[in-house]
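A.B. asks: If you scroll down you'll find the structure; I have some questions about it.
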Amino acid sequence: MARPKIALIGAGNIGGTLAHLAAVKELGDVVLFDIADGLPQGKALDIAESGPSEGFDAAMSGTSDYADIAGADVCIVTAGVARKPGMSRDDLLGINLKVMKSVGEGIAAHAPDAFVICITNPLDAMVWALREFSGLPHNKVCGMAGVLDSARFAHFLSEEFGVSMRDVTAFVLGGHGDTMVPSVRYSTVAGIPLPDLVEMGWTTQDKLDAIVQRTRDGGAEIVGLLKTGSAYYAPATSAIEMAEAYLKDQKRVLPCAAYCDGELGVKGLYVGVPTVIGKGGVERIVDIKLNKDEQAGFDNSVNAVKGLIEACKGIDGSLA
Ligand code: A3D
């Protein structure tokens, strides 16, 4: 049986990390695609040369020709520009919209059956645009943000409580931006919801509020420290978790930017919601009921995403 083929569109910081992780986990053969001369070929060769020490069986190649992604089972898209200090995700909109057009057309022409995971920011608008440009079914195109935002939330919570990260389940909804909604009620330590842990004296409401805010600012905190780009290790790990769920039909319940057709009161938009990912792509959206405060935060986030999509339509008339 042939190994799955994983195409990574964008061979920058996240793309290279994705390639290394996919190889080490033996998820399949990897094709790195980038427009930068020599970059995808150089990273592919470097990672291939780590194979004898790691002991993985996966073919690595680099290319600037979309024909080489032909028949890919999974495409993970990081092509575009990353945030620099002081730059918001939304500043990236105009530049990355053009990139999504070329990537969407490349995937449609050469890998129309792939499960596509978009990471390029501003995420919720770019995944929508990528779907529009590619014309692929909505359930086969999604965005990675919720897994990362939830991982950040879980990391901060495990530090606060002094417990293993394995026992923390954290849940972040909404758009990937300042309006994201880390859900306190649906986040738990070994099944115990966070509000109960506040009552039990494990933390205070103020500390919990600060952790929620740090989660919202999680990307900016790393941009501020790195100064030359944005996070890439945890973003890559998060997207690999989603790709693995698809390739191995794991039916993982993962928050991701999925196309909502009425779920959680959202219609015709991509926004961060809990989903089930298996061999059918995004097989199901978990249509949870939000309380009044959560709904207000979620609606605010959805409105921010709507604003970005209107801006995309203003920039590229073919999207209107
Ligand atoms: P970076 O290291 O700059 O890599 C981007 C790569 O895209 C570069 O190698 C470029 O040459 C390449 N590229 C540019 N235009 C094209 C094109 N038209 N076709 C193919 N390749 C192209 O960035 P990165 O890997 O650090 O980040 C990639 C994207 O992910 C950025 O938009 C980030 O903002 C975004 N990001 C999202 C998250 C989320 O949680 C959603 C987290 C971190 C980064």
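Placed from the backbone N, Cα and C atoms, the Cβ positions cover glycine too.
Per TrEMBL, the features are:
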- 5-143: domain 'Lactate/malate dehydrogenase N-terminal' (DOMAIN)
- Gly10, Ala11, Gly12, Asn13, Ile14, Gly15, Asp34, Asn96, Ile119, Thr120, Asn121: NAD(+) binding site (BINDING)
- Arg83, Arg89, Asn121, Arg152: substrate binding site (BINDING)
- 148-310: domain 'Lactate/malate dehydrogenase C-terminal' (DOMAIN)
- His176: active site, proton acceptor (ACT_SITE)
A.B. asks: Identify which of the binding-site residues Gly10, Gly12 has its Cβ surrounded by the largest number of other Cβ atoms within 10 Å, counting every protein chain shown.
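C.D. replies: Of the binding-site residues Gly10, Gly12, the most buried by Cβ count within 10 Å is Gly10.
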A.B. asks: What is the separation, in Å, between the Cα atoms of Ile119 (NAD(+) binding site) and His176 (active site, proton acceptor)?
C.D. replies: 10
A.B. asks: Between the Cα atoms of Asn121 (NAD(+) binding site) and Arg152 (substrate binding site), what distance do you get, rounded to the nearest Å?
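C.D. replies: So the Cα of Arg152 (substrate binding site) lies 18 Å away from that of Asn121 (NAD(+) binding site).
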A.B. asks: Which of the binding-site residues Gly10, Gly12, Ile14, Asp34 has its Cα closest in space to the Cα of Arg152 (substrate binding site)?
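C.D. replies: If we rank Gly10, Gly12, Ile14, Asp34 by Cα distance to Arg152 (substrate binding site), first place goes to Ile14.
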A.B. asks: Identify, in sequence order, the residues in the chain of Asp34 (NAD(+) binding site) that are 6 or more apart from it along the sequence and have a CB within less than 8 Å of its CB; answer 'none' if there are none.
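C.D. replies: Looking at Cβ-Cβ distances below 8 Å from Asp34 (NAD(+) binding site), excluding near sequence neighbours, one finds Ile9, Gly10, Ala11, Gly12, Gly15, Pro40, Gly62, Ser64, Ala79.
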A.B. asks: Going by DSSP assignments with H, G and I as helix and E and B as strand, what are the residue counts for the domain 'Lactate/malate dehydrogenase N-terminal' (5-143)?
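C.D. replies: Tallied per class, the domain 'Lactate/malate dehydrogenase N-terminal' (5-143) gives 67 helix, 25 strand, 47 coil.
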A.B. asks: Let me know the largest Cα to Cα distance in Å among the NAD(+)-binding residues Gly10, Ala11, Gly12, Asn13, Ile14, Gly15, Asp34, Asn96, Ile119, Thr120, Asn121, as an integer.
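C.D. replies: Overall maximum Cα spacing for these binding residues reaches 17 Å.
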A.B. asks: Expressed to the nearest Å, what is the distance separating His176 (active site, proton acceptor) and Ile14 (NAD(+) binding site) at their Cα atoms?
C.D. replies: 17
A.B. asks: How far is it from Ile14 (NAD(+) binding site) to Arg83 (substrate binding site), counting Cα to Cα, in Å?
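C.D. replies: Computed Cα spacing between Ile14 (NAD(+) binding site) and Arg83 (substrate binding site) is 13 Å.
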A.B. asks: Near Arg152 (substrate binding site), how many other Cβ atoms are within 10 Å of its Cβ?
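C.D. replies: The answer is 25 other Cβ atoms.
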A.B. asks: Using the structure shown, find which entry in Arg83, His176 (the recorded positions) has the sparsest Cβ neighbourhood within 10 Å.
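C.D. replies: Per-residue Cβ counts within 10 Å for the recorded positions Arg83, His176 bottom out at Arg83.
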